[in-house]
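Notes to accompany the following structure.
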Amino acid sequence: MTLVTTFPVRIWQLVWYSLISLIGTIGNSLVIYLICAAKKSKIDRKAPFNIYLLVLAIVDLMISLLCVPIYVLSTNIFPHPTGKSGEIMCKTVTGYFFPFWLLDISAFLLVAIAIERWRVVMKPLTRLKENKMTWSVMVIFGVLILSFVTQAPTIYGSHYTTNTPDIGNACIYSYDNLPMKIMHYNSFVWQTVIPSIIYFVCFWQIRKRLNQRCSNLDSHLTAYRNSSNYQEKVTL
């Protein structure tokens, strides 16, 4: 059976992916350089926020470097392997597992950053009792595992096909049975719904707390300006 050619290289897509790759590579490389090259007196490299930001930049750099090659491999200019080799290729590369996995890592790292900023504002004293490096490594390890688990449907559901591929030129996602549909929707909840809720709650509470602090500061300043000590200093 001959492979059905359905996904040719499109110039506008290649240019678009190349532009994203270029911008992402430059931007994330700068972030990595600035964090690594900064003097210890100016930046605490062991601070969770800086560790998460560094790992996030590395992950996004990998996405930028992989997007063009994987796109080209999924088009008809690449002689896609057949049989078992084609199945493995679809599950790992041309089925877009690696980009999706890295994107999940990026999303969950943003969740970790949001929670870290929330803890800095809401519970500053609690953070001082923790081993920053140990905590950060545990969080990053958990993010890697959770991201891999949420992408399990991509590995399990992507298959090599020679008839009507819907992913690139030779792969298809099979979500026909009930367990696969449940896994797919469960992954969507973990990848999109839950992170969005966490972002909103964390930054809403941060904004609320900062507004309270600003309001308290304004009231203290007003009270001080109305005090007799302040009036005497102004008179002098």
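Keep in mind that glycine also has a Cβ here, set from the backbone N, Cα and C atoms.
Small disclaimer: the values here were computed from a predicted structure and weren't measured.
Per TrEMBL, the features are:
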| type | residues | note |
| --- | --- | --- |
| DOMAIN | 27-236 | domain 'G-protein coupled receptors family 1 profile' |
| TRANSMEM | 14-37 | transmembrane segment |
| TRANSMEM | 49-73 | transmembrane segment |
| TRANSMEM | 93-115 | transmembrane segment |
| TRANSMEM | 135-156 | transmembrane segment |
| TRANSMEM | 188-206 | transmembrane segment |
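For the transmembrane segment (93-115), the most Cβ-contacting stretch among 49-73, 135-156, 188-206 is 49-73 (pairs under 8 Å). Below 8 angstroms of C-beta separation, residues 46, 48, 51-52, 55, 91-92, 95-97, 100-101, 104-105, 108-109, 112, 173, 175, 180, 183-184, 187, 190-191 of the same chain, each at least six residues beyond the ends of the transmembrane segment (135-156), sit close to that stretch. Here the domain 'G-protein coupled receptors family 1 profile' (27-236) returns a mean pLDDT of 84 for the predicted model.
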